Amino acid sequence: MMQKLIAQIEKGKPFFEKLSRNIYLRAIRDGFISAMPVILFSSIFLLIAYVPNIFGFKWDKGMEAILMKPYNYTMGLVAFLVAGTTAKSLTDSFNRKLESTNQINFISTMLAAMCGFLFLASDPAKDGGFLSAFMGTKGLLTAFLSAFVTVIVYNFCVKRNITIKMPKEVPPNISQVFKDLIPFSAVIIILYALDLVIRNSFKSNVAEGILKLFEPLFTAADGWIGVTIIFGAFALFWFVGIHGPSIVEPAIAAITYANIEANFKLLQAGEHADKIITSGTQMFIVTFGGTGATLVVPFMFMWMTKSKRNKAIGRASVVPTFFGVNEPILFGAPLVLNPVFFIPFVLAPIVNVWIFKLFVEVLGMNSFSVNLPWTTPGPLGIIMGTGFGLWSFVLAITLIVVDIIIYYPFLKVYDSEILDEEEGRKESNSDLKEKVAANFDTKKADSILAASGVSDDAAKASNITEQTNVLVLCAGGGTSGLLANALNKAAEEYHVPVKAAAGGYGAHMDIMKEYQLIILAPQVASNYEDIKQDTDRLGIKLAKTQGAEYIKLTRDGQAALDFVQQQFEN
């Protein structure tokens with residue numbers, strides 16, 4: 001029955017893969033990735049300013065203002081910045097479809113989107129200048145609107161050559177300025193017109209109007225059904241091999257970051273921070289140790305199984321999973337597309353967010369009010385992200401216990417299956433050894449090989465003689481680091497001229513020309529056709545990997561080097 005259910009879900013895989021590659025959703029996701037240094041930097045000052053309050057220490061007003069200035073001048077402008085980074089990402093996607101000699105200038109689209117955003121989100125101040133109330137997280141939806149309109153208008157103009165053309169004698173940089181003038185002007189006029197219409201009709205700016213329009217949706221998303229559907233989708237998509245966050249994250253990005261800001265404001269006012277859907281909820285509650293809430297799973301494989309294979313997989317997966325990189329257990333066990341683990345893989349994240357919601361709404365625990373790096377270990381992320389409250393420690397322990405209870409019966413079933421397989425192979429191998437020993441004497445062959453100096457190291461020789469730079473891409477840069485590290489270690493050990501780097505898909509466009517080979521981790525393998533347009537244009541080799549194959553390469557440096565070599569032989 002479980003196999004039939006998985007087969008039905010897999011029928012929708014092509015549609016969801018296409019959805020994950022949607023250029024607008026990808027632009028939102030990549031726009032946030034580009035702005036992440038700003039988001040994380042600002043959170044440092046929140047922690048310094050307000051965590052001491054828990055221990056009875058409060059900064060004086062002057063010092064608090066000093067500590068909050070970096071936050072207000074960075075996170076307070078995040079929507080303004082995201083308008084530009086989202087426009088840049090969308091421009092890259094449109095440029096793939098345009099001739100290489102007639103490309104959209106991404107710097108110009110970034111500037112136009114940011115200027116257009118100011119028309120839609122800022123109000124004039126009485127003493128000159130403009131107000132910034134909607135330039136932070138409240139203006140994120142408007143930032144996306146500005147970015148999308150900007151790039152669509154630029155694409156329309158550039159594709160149809162609706163630009164000012166200069167004589168060939170004019171330097172290219174000057175010609176580009178005039179080429180951008182018409183689309184830039186068109187964007188500003190369109191967005192300014194929209195601003196005038198909304199202000200005259202509804203007596204508010206566009207950002208405020210959009211926020212009011214989506215407010216019922218934000219409220220519904222924070223409810224029991226909302227969190228179940230949203231966060232259950234993360235695991236459900238990943239289980240059938242589709243990177244769930246690529247689909248779900250862009251759809252809820254504006255809500256998660258707006259709620260973080262709202263929770264912080266509530267805490268500042270001495271009130272209860274009760275917004276459930278936040279970036280912290282996603283990273284440290286729902287994906288507690290990675291998608292599927294797998295923090296406890298490697299430890300369970302290591303300590304609660306009898307199979308040698310399962311114990312080895314657990315040991316190899318513990319460290320990366322502890323830091324949120326759970327592909328070694330996802331594809332090594334495997335958990336994904338494994339009928340035995342379908343129920344716990346989807347159920348554990350949902351139960352986790354239900355428990356968190358109970359802690360917040362019934363026990364009065366504060367929700368997340370600080371953005372932290374996604375690689376922060378789950379328990380530590382819960383404690384730090386919610387302000388070091390007592391309930392956060394209790395919650396972290398509770399989630400660990402509950403997730404063990406959810407996974408345990410299914411793990412025992414799976415371990416029993418693997419044990420039976422191991423026993424079968426053991427008997428088969430024993431019979432085979434006896435037959436070989438009875439019919440062949442390998443001692444003579446072994447002595448000849450030893451005398452000739454043939455060793456394992458000789459077999460590890462590589463045909464790669466020129467410096468080869470390899471870029472490994474995944475969704476966030478964590479999983480890709482596993483393979484990049486394996487390649488670098490093996491290259492150093494066997495003296496092969498290979499250098500590997502890890503990166504996140506979406507942040508690769510400006511650096512890919514420095515590499516001879518790009519390898520896609522399973523998370524982003526569905527983007528193969530899109531990135532191939534770029535690699536073909538630049539003369540770069542491109543390879544994609546499957547789950548178990550990728551994990552094998554991360555654990556076997558020689559195999560990883562062989563994989564690199566094969567890409568240049570094909």
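Every residue, even glycine, has its Cβ placed from backbone N, Cα and C.
The structure displayed is predicted, hence computed values, not measured ones.
Taken from Swiss-Prot as is:
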{"type": "ACT_SITE", "residues": "Cys474", "note": "active site, phosphocysteine intermediate"}
{"type": "DOMAIN", "residues": "9-410", "note": "domain 'PTS EIIC type-3'"}
{"type": "DOMAIN", "residues": "467-570", "note": "domain 'PTS EIIB type-3'"}
{"type": "TRANSMEM", "residues": "31-51", "note": "transmembrane segment"}
{"type": "TRANSMEM", "residues": "65-85", "note": "transmembrane segment"}
{"type": "TRANSMEM", "residues": "104-124", "note": "transmembrane segment"}
{"type": "TRANSMEM", "residues": "133-153", "note": "transmembrane segment"}
{"type": "TRANSMEM", "residues": "178-198", "note": "transmembrane segment"}
{"type": "TRANSMEM", "residues": "223-243", "note": "transmembrane segment"}
{"type": "TRANSMEM", "residues": "283-303", "note": "transmembrane segment"}
{"type": "TRANSMEM", "residues": "340-360", "note": "transmembrane segment"}
{"type": "TRANSMEM", "residues": "382-402", "note": "transmembrane segment"}
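The stretches the transmembrane segment (382-402) and the transmembrane segment (283-303) meet in space: the count of Cβ pairs below 8 angstroms, excluding pairs fewer than 6 apart in sequence, reaches at least three. When secondary structure is read from DSSP and collapsed to three states, Cys474 (active site, phosphocysteine intermediate) falls in the strand class.
In this chain, the transmembrane segment (223-243) lies apart from the transmembrane segment (65-85): fewer than three C-beta pairs between them fall below 8 angstroms, excluding pairs fewer than 6 positions apart. Taken together, the residues of the domain 'PTS EIIB type-3' (467-570) have an average pLDDT of 87. Counting residue by residue with DSSP, the domain 'PTS EIIB type-3' (467-570) contains 59 helix, 22 strand, 23 coil. Contact between the transmembrane segment (65-85) and the transmembrane segment (178-198) does not hold: fewer than three of their C-beta pairs are under 8 Å, each pair 6 or more apart in sequence. Cβ neighbours within 10 Å of Cys474 (active site, phosphocysteine intermediate), excluding its own Cβ and spanning all shown chains: 27.
Comparing 31-51, 104-124, 178-198, 340-360 for CB pairs under 8 angstroms to the transmembrane segment (133-153), the maximum falls on 104-124. The highest tally of CB pairs under 8 A with the transmembrane segment (104-124), across 31-51, 178-198, 340-360, is held by 178-198.
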